[in-house]
Amino acid sequence: MNMVSLPETINSPILYFLDVGILLGGLGVVFFGKIIYSALFLGVVFVCVALLYLLLNADFLAAAQILIYVGAINVLIVFAIMLINKPETKINKKKITFGDILSGFSVFGLFSFLIIMILNTTWLQPTLVSQEVKNSFQSIDIIGIHLLTDLLLPFELLSILLLVALVGAITIARKEISPKI
């Protein structure tokens, strides 16, 4: 398989463009009021991540990203939104509760911890990956071995996170039953 190696002068602007696309897509997911627009911006994020994989010459991961996330999960989200047809609800202004304050401090603490960890990490110089390293990760078998040996803990944590997101989505999508008096 021939690998495409782009020069650094071309690779860096494409990388920055994709990073901005991921950032703006993520902001679109969070800040758009209509949920269908949020789902479409989520698709933009998934496509940009797949293009990042292509930029890193990880063809298998890029194809898996497109097939699984864009082709299956994002389409499933859009279908669920269209089938539920839940009317938009107005946000009621309420007083700040103790849970809101506790959540705010938890999020602030988590982001502070992440920033400290990022600043204390020794990063490699941003150079292109050598041909030996590229060839070592081409095999699907090697990807599976790395996922189930070296990366087992992050792999399992990600599966738990996806399970929690699925339970949360089901809870949100479930129709509210009002008692009849």
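Just so you know, glycine gets a Cβ as well, placed from its N, Cα and C.
Per Swiss-Prot, the features are:
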| type | residues | note |
| --- | --- | --- |
| TRANSMEM | 13-33 | transmembrane segment |
| TRANSMEM | 35-55 | transmembrane segment |
| TRANSMEM | 64-84 | transmembrane segment |
| TRANSMEM | 98-118 | transmembrane segment |
| TRANSMEM | 152-172 | transmembrane segment |
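Against the transmembrane segment (35-55), the recorded stretches 64-84, 98-118, 152-172 differ in Cβ pairs under 8 Å, and the greatest number is found for 64-84.
A Cβ distance under 8 Å defines the sequence-distant neighbours of the transmembrane segment (64-84), meaning residues of its chain 6+ beyond its ends; these are 35-36, 39-40, 42-43, 46-47, 49-50, 53, 173.
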